[in-house]
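Listed in Swiss-Prot for this protein:
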- R131, T272: N(2)-acetyl-L-ornithine binding site (BINDING)
- D215, E216, V217, Q218, T273: pyridoxal 5'-phosphate binding site (BINDING)
- K244: N6-(pyridoxal phosphate)lysine (MOD_RES)
Amino acid sequence: MSSALANIYARLPVSFTHGRGVWLWDTGERRYLDALAGIGVSCLGHGHPGLVAAISEQAARLIHTSNIYEVPQQAALARRLAELSGMSEVLFSNSGSEANEAAIKLARYYGYKQGNTHAHIITMDSSWHGRTLATLAATGSDKARQGFGPMPSGFIQVPYNDLPAIRAAGEAEPRVTAVLLEVLQGEGGIRPSDMAFLRGVRQLCTERGWLLMIDEVQSGIGRTGKWFAHQWADIRPDVMTLAKGLAGGVPIGAMLAAGPAAGVFAPGSHGTTFGGGPLACAAGLAVIDAIEQEGLLANAHEVGAHLHAALASELAGVPGIIEVRGHGLMLGIELDRPCGILATRAMEAGLLINVTRERVVRLLPPLILSGEEADQIVRILVPLIKQFLAQQQ
């Protein structure tokens, strides 16, 4: 491809021209089963009629004005998200990083209003919250931060799924104002949190007057079989961030606030040029409509359970397999060794996946995936994994 592009991606040697459903076609008209969905973005697959119509109609009418004016599509999407989540207010942006940046700013401003001029946020090891400096500082990855110091201060990282560690961190640092975590770590290797842990963190935050901030950028919008993954624990955060699947491929992010976090920001506290524009919000409304009308929450739960069970059965007892894990259509297969080459081999076999944390095969197929298509994933992927492990003995 063009040498004018910045060299920041290790791209696979394929270009796609069009897609339909869970399928993509390359420049040579070869078909691929897309089990990655643009890293969890294309939740309705490709070429979804309702989404295409909403984008086309809105683009023909109006693409952009400004947040200095009323934006009806933005207000409508905010209402829908508030209804689905039980949250009170929504701030739109353009990406997950921006949504998490807004959450970090809100937590600090929340502390500032209480007289805490150096608010601290507790985050988790192996977490991922974005590539801006503040979200990198919050992210539990030394590798991602390497070379970009000095990092913003005010972040305390503790082991994931470890409630006593969070409690101890708060006792050691009296300036803590918030806890930021993922219900299901994506870049961290598809690591689910314990439901008891989530409920315990919710209770601890309430007791200590901290904000519970949940990053649902990858796990939200139906991916686990509920609108938001934290709903499996029957809790409500004070702050939630969304992006990826929210508009089915059109760039968007959102930060939702409730309880003590609602009303913290005022005019001038934060802002965005493009966030919550008419086009992105029209797409977001179409995504929510499609998920509701097509029963995609149930589909993600049921087909995801089928895919999980099939992979676990086929890989049971295979030397080198650590675990098949995840929830809904957010699944990971952990191997005992680095396996990045599997993304290339799967692509060569007509299946799109990726590998995170060096040794976890990640699957994030569209929510429209059928049982038959899930079986196709298994038929392609399992032999590739077995062959790879046998060659590495």
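Glycine residues also receive a Cβ, built from the backbone N, Cα and C atoms like all the rest.
In this record, pyridoxal 5'-phosphate is bound by D215, E216, V217, Q218, T273; the longest C-alpha to C-alpha distance in that set is 24 Å. With the fewest other Cβ atoms inside 10 Å of its Cβ, the least crowded of the binding-site residues Q218, T272, T273 in this structure is T273. You'll find the Cα of the residue listed as 'N6-(pyridoxal phosphate)lysine' roughly 6 Å from the Cα of V217 (pyridoxal 5'-phosphate binding site). In sequence order, G96, A99, N100, G186, T241, L242, A243, K244, G253 are the residues of the chain that are 6 or more apart from V217 (pyridoxal 5'-phosphate binding site) and have a CB within less than 8 Å of its CB. The most densely surrounded of the binding-site residues D215, E216, judged by C-beta neighbours within 10 angstroms, is D215. In the three-state DSSP assignment, the secondary structure recorded for R131 (N(2)-acetyl-L-ornithine binding site) is coil.
In the three-state DSSP reading, D215 (pyridoxal 5'-phosphate binding site) counts as strand. With respect to their backbone Cα atoms, T272 (N(2)-acetyl-L-ornithine binding site) and D215 (pyridoxal 5'-phosphate binding site) stand 20 Å from each other. A simple Cβ count within 10 Å picks out one of the recorded positions R131, K244 as the most packed, and that one is K244. Taking the Cα atom of each, Q218 (pyridoxal 5'-phosphate binding site) and R131 (N(2)-acetyl-L-ornithine binding site) are about 15 angstrom apart.
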